Amino acid sequence: MVWENQTFNSIFILLGIFNHSPTHTFLFSLVLGIFSVAFMENIAMVLLIYVDKQLHTPMYFLLSQLSLMDLMLICTTLPKMAFSYLSGKKSISLPGCGTQIFFYVSLLGAECFLLAVMAYDRYVAICHPLRYTILMNPKLCVFMTVASWTLGSLDGIIVLAAVLSFSYCGSLEIHHFFCDVAALLPLSCTETSAFERLLFICCVVMLILPVSVIILSYSRVLRTVIHMGSGESRRKAFTTCSSHLSVVGLYYGAAMFMYMRPASKHTPDQDKMVSAFYTILTPMLNPLIYSLRNKEVFRALQKVLKKRKLI
């Protein structure tokens with residue numbers, strides 16, 4: 001019991017991703033700029049879809065949930081990283097570490113499932129437009145969204161329970177800018193091979209199954225697009241699908257690279273770079289690709305700004 005209390009009261013040191021050299025100071029400022037843009041973009045998307053009744057459709061409801069997940073994801077990791085860099089206080093307790101891990105894993109998992117739901121929504125809209133209101137009715141849309149949040153949270157609980165059950169000894173320096181599971185495992189005195197197998201199974205459920213749904217949905221969509229009679233409709237549908245697939249490929253590719261490799265294959269610098277990609281860049285890119293280039297969203301934004309007499 002004493003050892004468990006000592007472990008629970010352990011203080012870890014987040015070594016971070018930047019030092020105070022001029023180059024790293026510039027990169028830190030750039031990351032803060034990206035964070036600010038992503039924060040404002042995703043808040044704007046959530047509020048815009050909420051206030052504009054014309055955007056109260058399944059597709060935009062799903063986009064608002066994606067923005068909410070991205071907003072929570074960047075707020076889980078970036079503020080602590082910025083505080084540690086600016087203040088020099090790099091310590092974090094095990095409960096604080098566990099909190100980061102729970103929200104981080106839960107949000108990643110929920111977003112994986114939500115992207116699959118969004119792919120299904122596009123499949124129905126393009127391949128079965130006349131049956132869209134039946135196959136993608138509001139109740140089903142809400143159910144699939146709640147299921148995405150629930151499955152992501154369940155994965156977060158499983159990972160958190162395992163992490164808190166480990167004993168930690170020796171150096172408590174985490175070679176990362178937040179408490180990532182892969183960076184925490186080398187610090188454990190407990191045998192983690194069973195957990196690594198569990199983590200691999202969770203990744204199969206979280207990554208491979210949604211990717212399969214996405215590939216199947218978009219393959220059907222592309223086949224339908226090719227046979228469209230209107231060149232304008234074909235171009236619009238193809239542009240939308242290709243942009244969606246590019247984000248999906250980058251997001252899932254980075255996640256698979258991080259969590260479907262053995263712990264022995266991980267290197268701190270590599271993990272930090274890959275994690276920075278999908279925890280910082282992806283939340284900024286998603287609103288641009290999925291929403292803000294959309295004419296309906298742009299019109300809704302103009303309408304809101306005119307009401308506020310800003311333009």
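From the backbone N, Cα and C atoms, a Cβ is placed for every residue, glycine too.
Annotated domain 'G-protein coupled receptors family 1 profile' per TrEMBL: 41-290, in sequence order. Positions annotated as transmembrane segment by TrEMBL: 26-51, 60-81, 101-120, 140-168, 198-216, 237-261, 273-292.
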Item to check | Residues from the same chain, set at least six apart from the ends of the transmembrane segment (26-51), whose C-beta lies under 8 A from its own | outcome: 18, 60-61, 63-64, 67-68, 70-71, 74-75, 78, 82, 85, 276, 280-281, 283-284, 286-288, 291-292, 297, 300-301, 304
Checklist outcome for this item: With the greatest number of Cβ pairs under 8 Å to the transmembrane segment (198-216), the stretch among 60-81, 101-120, 273-292 is 101-120
Item to check | Distant-in-sequence neighbours of the transmembrane segment (101-120), which means Cβ under 8 A and at least six residues beyond its ends | outcome: 59, 62-63, 65-66, 69-70, 72-73, 76-77, 136, 144-145, 147-149, 151-157, 159-160, 163, 178-181, 184, 202, 206-207, 209-211, 213-214, 217-218, 244, 248, 251-252, 255, 279
